[in-house]
């Protein structure tokens, strides 16, 4: 009996030591999370409920409740329009970027001379595409597509698409260079995902007489579904934090205005975050349903 109790005490002591060691290693991350993430998030929520004025002694807070949030939609004539317009553009850009990355990754996954060089070339924009670099490129017109003006495609798009959606399509076409700049990570994720598919699966369907097209639809695409969902989520976050995002620019501009300030800008930021959060939740729900249905079919 005493031996059993002694063994239990030793096991409990060993477990507590391991727990303490693990917490010690996590302590720097926990401190950094509290200082640089949790506290700023809580502080921004606090400011969004106040009118923040800069005074000689620091900041003066005046309680407004939800007034800043109401003003964002009832008094601000710019924010709702820019928010809706940017969401429409991104709903077109996100599938285009993911499909482009999927097609390029299929090509780069083939065996041909210099494939590693081409993989590096597609990833280089991810390294160099900082906010200042992109801003300078677009300022000098490097992000525009010349043939849009050269062949006067805007009237043609308006004729076939029609309505305000034609403007959104033209905005997406004018930013098509972003597809090249913002597809490097997605391409690498797809290539890594293709490596998880066993070559024996392709050999088996090839013996059965399946064409490469059949192999893509029956093996490659179903196996890539988790990586497609990952790339969609990554692209959403990447594009909605884009340095030249007009919504973020509007939030920053209001931050330094006397009549709005930090409080109103914080409210705009929380509204923007809520829209992105809902979009991500919907995308995750759709992909989870799709993967569950495919699992049920199997």
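Every residue, even glycine, has its Cβ placed from backbone N, Cα and C.
Per TrEMBL, the features are:
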- 21-43: transmembrane segment (TRANSMEM)
- 83-283: domain 'ABC transmembrane type-1' (DOMAIN)
- 90-109: transmembrane segment (TRANSMEM)
- 116-134: transmembrane segment (TRANSMEM)
- 179-198: transmembrane segment (TRANSMEM)
- 219-242: transmembrane segment (TRANSMEM)
- 262-288: transmembrane segment (TRANSMEM)
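Residues 115, 118-119, 122, 168-169, 172, 175-176, 178-179, 182-183, 186-191, 194, 216, 220, 224, 228, 231-232, 235-236, 239-240 of the same chain lie 6 or more positions beyond the ends of the transmembrane segment (90-109) yet place their CB under 8 Å from a CB of it.
Through the fold, the transmembrane segment (219-242) approaches residues 90, 93-94, 97-98, 101-102, 106, 178, 182, 185-186, 189-190, 192-194, 196-197, 201-202, 205, 248, 272, 276, 279-280, 283-284, 287, 290-291, 294 of its own chain, all at least 6 residues removed from its boundaries and within a Cβ separation under 8 Å. Non-local neighbours of the transmembrane segment (179-198) in the same chain are 93, 96-98, 100-102, 104-106, 108-109, 119, 122-126, 129, 134, 219-220, 223-224, 226-227, 230-231, 234-235, 238-239; each lies 6+ residues outside the stretch with a CB under 8 Å from one of its CB atoms.
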